[in-house]
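**Student:** For reference, Swiss-Prot lists these features for the protein:
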- F114: site 'Plays a critical role in the stabilization of intermediate cation' (SITE)
- D117: Mg(2+) 1 binding site (BINDING)
- D117: Mg(2+) 2 binding site (BINDING)
- 117-121: motif 'DDXXD motif' (MOTIF)
- N253, S257, E261: Mg(2+) 3 binding site (BINDING)
- 253-261: motif 'NSE/DTE motif' (MOTIF)
- R341, Y342: (2E,6E)-farnesyl diphosphate binding site (BINDING)
Amino acid sequence: MGSISSTPSQKSPVFPARSLLPSDIVAVRPEGDEAKVLKFPDLVKSIPFPLRLNPYIRFVSAESDAFIIEYANFSEKQRNRFIGLNAGLLCGMCYAECGPEQLRVCCDFMSFLFNLDDWSDEFDTAGTKGLEEAVMNTLYHPDTYVSDTVAARTARSWWTRMLKTVGPRCRQRFVETLGFYFKAILQQAADRSSKTIPDLETYISLRRDTSGCKTGFALIEYAAGIDLPNEVVDHPIIQSLLDATNDCVSWANDILSYNREQSRGDTHNLVPVIMQTVGIDRQAAIDYAGDLCNKSVAHFLEGKAALPSWGKEVDVQVEQYVQGLEDWIIANAEWSFMTERYFGKDGPKIRKGLQVSLLPVVGFD
């Protein structure tokens, strides 16, 4: 296999926290029964993109679930949680036009990424570092590196299949951005150990990597069978589209997963970061985060309208890439109420009512 170089991550600028604060947010609200209910903004309403679904998803998702269950050696509780996750459905909506082979790789990776997220939540810094070494060595040295860890064996399976058709530049971006993800969750683990809540600007930069979205966006190229030139992906407008998509997905996730995460005492979430940085209560912070989601959609539309031309052939590929980003935005917003990850089986009901009762703090399960 060819070598893969590593380059440092370029951080996108983020705006001062208080400059983003909507003028109508109330800084302090009275405590009482109202404080025990979390009200969500309608995140889907501001997204102008149609929801699409890959026609192969039903059987591909079933095959992928069986593969992960076989490799992961779940307990019964973990198995039920994994099935309720329904990661395959998210893939079917994010990668709506690819063939079954590419969709299977995407499904396997998406389920793998969600498991990494859960495993890293349970690890300290040393455990997370060991996880990183096993996975990244598998990607850098697929022909020679050997590890019996579940993470490495699972990664080797989908990676060897992906290598059959992935373009060299897309491959580079995939590996590089997964490396960014691991570096970021190491920082997240360190913050958890020290009980540190970062300020808003620091968190936004970190969250763009802990989300795993950057690697998911590389899969857009793989799924479409394209390999965009580096100068296209590195263009400021394309980067602005990537950041806007990442922010929209990450912040929607933070809003809708906040109740579950606060019940575990997990503070790597936009809501507590806003509460601390801006000095407002949890409901005001949720409203604030919803406003940021709406702004990220607006920024995406502005960037799309300003795209330059790179010539007919590349422009067609860019159009496919941007379509994939749009699919990611709407798919994540809708899927969040279809999965059992955040609301159990109550997702459809909460999708209509847009509110939940505040859960008690019980710690990590």
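Even glycines carry a Cβ here, placed using N, Cα and C.
Remember, it's a predicted structure, so these values are computed and weren't measured experimentally.
Tell me about the setting of these features in this model.
**Tutor:** Counting only residues at least six positions away in the same chain, the Cβ atoms of L85, A87, R341 sit under 8 Å from the Cβ of F114 (site 'Plays a critical role in the stabilization of intermediate cation').
In the three-state DSSP reading, S257 (Mg(2+) 3 binding site) counts as helix. Annotation for S257 (Mg(2+) 3 binding site): same-chain Cβ neighbours under 8 Å, separated by at least 6 residues, are N269, R341, Y342.
Counting same-chain residues at least six beyond the ends of the motif 'NSE/DTE motif' (253-261), those with a Cβ under 8 angstroms from any Cβ of the stretch are 38, 40-41, 43, 207, 211, 267-271, 282, 286, 289-290, 293, 332, 336-337, 341-343, 356, 358-359.
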**Student:** Starting from the Cβ centroid of N253, S257, E261, the recorded Mg(2+) 3 site, name every other residue in that chain with its Cβ within 8 Å, sequence order please.
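**Tutor:** Leaving out the recorded residues gives D254, I255, L256, Y258, R260, N269, Y342.
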**Student:** Average pLDDT across the motif 'NSE/DTE motif' (253-261)?
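**Tutor:** Here the predicted model's pLDDT, averaged over the motif 'NSE/DTE motif' (253-261), is 96.
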**Student:** How many other Cβ atoms sit within 10 Å of the Cβ of N253 (Mg(2+) 3 binding site)?
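**Tutor:** Total other Cβ atoms inside 10 Å, all chains included: 21.
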